[in-house]
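Below is one structure, written out as structure tokens; comments come after it.
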Amino acid sequence: MAVLPLFLCSSLVFLSSVVAQQGLQNGFYSSSCPKAEATVKSTVQAHFNRDPTLAAGLLRLHFHDCFVQGCDGSVLITGASAERNALPNLGLRGFEVIDDAKKQLEGLCPGVVSCADILALAARDSVDLSNGPSWTVPTGRRDGRISSSSEASNLPSPADSVAVQRQKFAAKGLDDKDLVTLVGAHTIGQTDCLFFRYRLYNFTATGNADPTINQALLSQLRALCPPNGDVSKRVALDKDSQANFDVSFFKNVRDGNGVLESDQRLWGDAATRTYVQNYAGSIRGLLGLRFDLNFAKSMIKMSSIEVKTGSQGEIRKICSQFN
Ligand code: HEM
Ligand SMILES: *[C@@H]1O[C@H](CO)[C@@H](O)[C@H](O)[C@H]1NC(C)=O
């Protein structure tokens, strides 16, 4: 961890040209709660120091928030019929980090900082802490008043074809480039065996494994996820580089080392393959900045999906409950 600050400086991406998105603005809290962003950052840092895998959890949490009801904190609400209880959301992690940041912010400036913004900021800080890029997050989101598990079908499934992935992202205003770039988030984090074991043994009832899996990876994954083993066993999404936000995920997809079927399929479609190839070929340094830069740009787009601003929604007092 001692070398971290060096990496952070070298990979910082400035996006001052991106100022306003969907009614959001850079530094929305600069006068109403000047310490808002620093408080989120120090909270994420403290939790990350104890458990670095929370960075991946927080990044995914923001994605799942944005795809259902927009980026409005709807994923944070607890309750039997809430979004958080939908099948694709059962493995989400990092809620305690958001609750912790909110608690501190309610002490500093009560009723001012939305849970939706805390999530967007925490996702940015998590990427930064994982040696990835940093960017300015436009803020001013308001928290939603609806959270329903039945709406989580908007979320992509790991068995989705590229056509379906494309359609689900397009429905949120995100194109092929955004899709490939944002799925690059799988450069950090893990998956349960549950989500890919079907590829290893009797894929599409052929009796064989998914033929697109690299043979060496296939042996490793079979050892980690035996036919009758524990489906909740965790496996890295980015072989050999799961804690580092880098381009190795794209090299893995190129080489048949994608763990999720949806990730590997990005190599089988001509349009998405071009982006994978481009990122896989880049070297950290001069060309490596391209994934960093595009990730920051696409995150700002994703973070702006169907946001509520102005007098819409509310500013929750507790992130897991409506006021
Ligand atoms: C086609 C689109 C996508 C599909 C099908 C997909 C699917 C999945 C699945 C099945 C997992 C494993 C969950 C678990 O077992 O806990 C996962 C993990 C993850 N996803 Fe995605 N994902 C997609 C796009 C994204 C995007 C756009 C982001 C963020 C920008 C993202 C960030 C993550 C992260 C960071 C993890 C690791 C979480 C952890 O370690 O706790 N994913 N994804
Ligand atoms: C694969 O699945 C199909 C359909 O369920 C089944 O008929 C077949 O026997 C299975 N093959 C193996 C090798 O398990």
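Including glycine, each Cβ sits where the backbone N, Cα and C put it.
Annotated features, as they stand in TrEMBL:
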type: ACT_SITE; residues: His64; note: active site, proton acceptor
type: BINDING; residues: Asp65, Val68, Gly70, Asp72, Ser74, Glu83; note: Ca(2+) 1 binding site
type: BINDING; residues: Pro156; note: substrate binding site
type: BINDING; residues: His186; note: heme b binding site
type: BINDING; residues: Thr187, Asp238, Asp246; note: Ca(2+) 2 binding site
type: COMPBIAS; residues: 147-159; note: compositional bias 'Low complexity'
type: DOMAIN; residues: 23-323; note: domain 'Plant heme peroxidase family profile'
type: REGION; residues: 132-160; note: region 'Disordered'
type: SITE; residues: Arg60; note: site 'Transition state stabilizer'
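Overlay of TrEMBL feature records on the structure.
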{"residue": "Arg60", "record": "site 'Transition state stabilizer'", "Cβ neighbours (10 Å)": "21"}
{"residue": "His64", "record": "active site, proton acceptor", "Cβ neighbours (10 Å)": "21"}
{"residue": "Val68", "record": "Ca(2+) 1 binding site", "Cβ neighbours (10 Å)": "27"}
{"residue": "Gly70", "record": "Ca(2+) 1 binding site", "Cβ neighbours (10 Å)": "20"}
{"residue": "Asp72", "record": "Ca(2+) 1 binding site", "Cβ neighbours (10 Å)": "28"}
{"residue": "Ser74", "record": "Ca(2+) 1 binding site", "Cβ neighbours (10 Å)": "27"}
{"residue": "Glu83", "record": "Ca(2+) 1 binding site", "Cβ neighbours (10 Å)": "28"}
{"residue": "His186", "record": "heme b binding site", "Cβ neighbours (10 Å)": "25"}
{"residue": "Asp238", "record": "Ca(2+) 2 binding site", "Cβ neighbours (10 Å)": "29"}
{"residue": "Asp246", "record": "Ca(2+) 2 binding site", "Cβ neighbours (10 Å)": "22"}
Sparsest-packed among the binding-site residues, when each Cβ's other Cβ atoms within 10 Å are tallied, from Asp65, Pro156, Thr187: Pro156
Recorded positions near Gly70 (Ca(2+) 1 binding site) (Cα-Cα within 10 Å), from Arg60, His64, His186: His64
The region 'Disordered' (132-160) - residue tally per DSSP class, helix then strand then coil: 6 helix, 3 strand, 20 coil
Reported mean pLDDT - the domain 'Plant heme peroxidase family profile' (23-323): 96
Ca(2+) 2 site shell beyond Thr187, Asp238, Asp246, criterion: Cβ within 8 Å of Cβ centroid: Gly184, His186, Ile188, Ser241, Gln242, Asn244, Phe245, Val247, Ser248, Phe249
Same-chain residue ranges lying at least 6 outside the region 'Disordered' (132-160) that approach it to Cβ under 8 Å: 8, 11-16, 18-21, 23-29, 36-37, 64, 67-77, 79, 81-89, 114-117, 120-121, 124, 168-169, 171-172, 187-188, 191, 195-196, 198, 245-246, 260-263, 265, 292-293, 295-296, 299-300, 303-304, 307-310, 312-316, 319, 322
Asp238 (Ca(2+) 2 binding site) as reference: those binding-site residues from Asp65, Val68, Asp72, Glu83, His186 with C-alpha within 10 Å of it: His186
Three-class DSSP secondary structure - His64 (active site, proton acceptor): helix
Sequence-ordered recorded positions from Arg60, His64, Gly70, Pro156 with Cβ under 6 Å of an atom of ligand 1: Arg60, Pro156
